[in-house]
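Here's the feature list from TrEMBL:
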ACT_SITE  Glu170  active site, proton donor
ACT_SITE  Glu355  active site, nucleophile
BINDING   Gln24, His125, Asn169, Tyr298, Trp403, Glu410, Trp411  substrate binding site
Amino acid sequence: MAANPNARRFPEGFLWGAATAAHQIEGSPMADGAGPSIWTRFAHTPGMTVNGDTGDVACDHYNRWKDDVALMASLGLKAYRFSTSWSRILPDGTGRVNQKGLDFYSRLVDELLDKGIEPLLTLYHWDLPAALDDRGGWLNRDVADWFAEYGSVLYRALDGRVKKWVTLNEPWVVTDGGYLHGALAPGHRSKYETPIATHNLMRAHGAAVKAYREIGKHEIGLVVNIEPKYPNTQSPEDLAATKRAHAYMNEQYLDAALLGKYPPELKNEIFGDAWPEWADEDYALIKQKLDFIGINYYTRSVTQATDSYPLKAGAVRQKLGTYTETGWEVFPQGLTDLLVWAKDRYGNLPTYITENGAAFFDPAVAEEGRVRDPLRMGYLKKHLTAIRDAIDQGCDIRGYMVWSLLDNLEWSLGFSKRFGIVHVNYGTQERTPKDSARWYSKAIETHGASIDDPLPY
Ligand code: BGC
């Protein structure tokens, strides 16, 4: 179908890409001298992941990287967001550099550039070296220096070839999942540890940006996940719960990085005496000039007051809502709302949508080599439209990375949920672009004009 001639296009230079993360796709976690990460350890602990799934093979990207870049090129991607595995590069977390690990990413970057695909490199997508966890991990203040050391190894090796760097992916998930509720590595459950992990993550972020300014010449930013909170009712309890949940999930990390403070609700309403007083010099380290922010968006929450610990707020399932396989409501308007909110609160920094996508039940690959995934196609169409609406409202949005390029290891949910625009057969490792991938290719080719076309079915 021809693209609608009246369709509005995306801004010049808008970057169209897809995202992945090291632990979720690479496999071979111990190859070529690498050390284990907390995820290697966590997934090998009985009962921690669905079906006992681990990242030992995953999408075997460690061996298939060249074909995967060819696949990206065949889809017309202009950018690829990936993460590096800290313990491949520094098996002990600090000190000795494992050249073979570094070479893997160097080759990957060269191949991407060769195919005209811009790399966006995330230093930390949740896979802390196990050796550092043994020294306290995110609970040890020294982690800021360890992280800056690790970043510096990569900056020295790749800056110039990589021009867009991200320090942390979703610090909120690292602390909420890893230190408060324990569903993610390292699997702790402590109200007292959580604020410390939060603060050290942010200090590490600041230290890594500072180190970048000494070595790198391009751009560095932070990626957060944001989920707008709407009150379930106008009762004072629900309104207060909504404000609390918003402070906890949406303001906590961006306020720290960009405004140099934490929202007062964290101490006053959520963590109480578990929230320590921090030194002024810590805030000075955390608040560094950022070149951009990355926002990961999946869903919203309609919030009500509950007795959940320690937030005392929870989401209300919407009777008329559409939900994905991970139980997340499809709510594109929330993306527009939060982008406008971030613009107003933080001053319209250049922004990338660094993740957006959905797990739906996908049928098997059909004989003609197709996977029909109309729900995912619809999801992408609606969210790209929501981004364009935000651009129309003045938000400086520079690019979009669909989550995910490939079906992959969905952390504790193992291989049970598929987010890819490309289907992966985990038995044969065969890749098959789903219909959503074809739809997305067309969107890239028409620079967004085709997103207004009716869906092909
Ligand atoms: C993470 C991804 C994850 C995705 C879907 C994001 O929170 O960055 O690693 O697979 O959400 O759950």
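From the backbone N, Cα and C atoms, a Cβ is placed for every residue, glycine too.
A TrEMBL annotation is a machine prediction, not a hand-curated record.
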In the structure shown, which of the binding-site residues Gln24, Asn169 has the fewest Cβ neighbours within 10 Å?
Asn169
DSSP secondary structure for Trp403 (substrate binding site), reduced to helix/strand/coil, please.
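Reduced to three states, the DSSP call for Trp403 (substrate binding site) is strand.
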What's the CA to CA span in angstrom from the residue listed as 'active site, proton donor' over to Trp411 (substrate binding site)?
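Rounded to a whole number, the Cα-Cα distance is 14 Å.
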Would you identify the secondary structure of Gln24 (substrate binding site) according to DSSP, in three states?
helix
Within the same chain, and leaving aside Gln24, His125, Asn169, Tyr298, Trp403, Glu410, Trp411, name every residue whose CB is within 8 angstroms of the centroid of the CB atoms belonging to the recorded substrate site, in sequence order.
Ala21, Trp126, Glu170, Glu355, Ser404, Asn408, Phe419
Please report the DSSP secondary structure of His125 (substrate binding site), reduced to three states.
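Its secondary structure by DSSP: coil.
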Trp403 (substrate binding site) to Glu355 (active site, nucleophile): how many Å between their Cα atoms?
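With distance taken Cα to Cα, Glu355 (active site, nucleophile) is 5 Å from Trp403 (substrate binding site).
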Any idea which of the recorded positions Glu170, Glu355, Glu410 has the thinnest Cβ neighbourhood at 10 Å?
Glu410
